[in-house]
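Read the structure below first, then the notes.
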Amino acid sequence: YNCRHHTMASQELLLLGLFAIVSSIALASDPSSLQDFCVAAPNIPVLVNGLVCKDPKQVQGQDFFFSGLHKPGNTSNPVGSRVTPVTVTQIPGLNTLGISLARIDYAPWGINPPHTHPRGSEILTVTEGSLEVGFVTSNPENRLITKVLQKGDVFVFPVGLIHYQRNIGYGNAIAIAALSSQNPGVITIANAVFGSKPKIYADILAKAFQVDKKIVLQVQSKF
């Protein structure tokens, strides 16, 4: 009985250990800091998951600072929007903290084209104007979930899902987005598919989008 009881206890302990490991992996996003901070030192030629820490004795207030988010972005481009990112690239002190943000400016009827953030969820707050926002669920449903937002409204885009915003007003619109990664990454769908380097073969995209190859070549020429 004692041997059997010991075996069952060992199995339960093993299961608890596996559950803890799986849970920690599932909840993990960016690497967590094991000290007060790990200010990024991007000029050190060491490859790690994230960025190497700067010597804490050399850390200054400037390492945790960014200025200029009040300035409007230039929306004079084909999509009519401009993203001003504040990631670990702009604030080295964000390294290992698992957060970042961005300001998005929209011209009248401008869009932030369909894109994904492979490493972070996004929570967006409209600070000026009106936006139509939406995201698409994964296969096989591919359900489009949309909402019209007014000034002061907040909306969440789950990590990795394709999403977009569109200014539906006649004036400029502004939003502030917070993301759950120091470097969430951005994959703009049209740019990635039609503007890859080297290009994806046109016959592959023609089959994927069920269109004539000439149309694919025409779209690729714009990117």
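Each residue's number is its place along the chain shown, starting with 1.
Backbone N, Cα and C atoms are what each Cβ position is placed from, and that goes for glycine too.
Annotations in TrEMBL come from automatic prediction, not curation.
Taken from TrEMBL, the feature signal peptide covers 1-28.
In sequence order, Gln35, Cys38, Val39, Ala40, Ala41, Asn95 constitute the residues six or more apart from Cys53 (disulfide bond) in its chain with CB-CB distances below 8 Å. What TrEMBL records for Cys38-Cys53 is disulfide bond.
The feature domain 'Cupin type-1' is assigned by TrEMBL to 67-217.
Neighbour density for Glu122 (oxalate binding site): within 10 A of its CB lie 23 other CB atoms from the protein chains shown. The annotation oxalate binding site is assigned in TrEMBL to Asn112, His117, Glu122.
Residues near His117 (oxalate binding site) in space but far in sequence (CB under 8 A, at least 6 apart, same chain), listed by position: Phe157, Val159, Gly160, Leu179, Ser181, Pro184, Gly185, Val186, Ile187. Per TrEMBL, Mn(2+) binding site is recorded for His115, His117, Glu122, His163.
Glu122 (oxalate binding site) sits 10 Å from His163 (Mn(2+) binding site), taking the Cα positions as reference. Counting every protein chain shown, 23 other Cβ atoms lie within 10 Å of the Cβ of His163 (Mn(2+) binding site). Looking just at the domain 'Cupin type-1' (67-217), the mean pLDDT is 97. Counting in whole angstrom, His163 (Mn(2+) binding site) lies 9 from Asn112 (oxalate binding site) by their C-alpha atoms.
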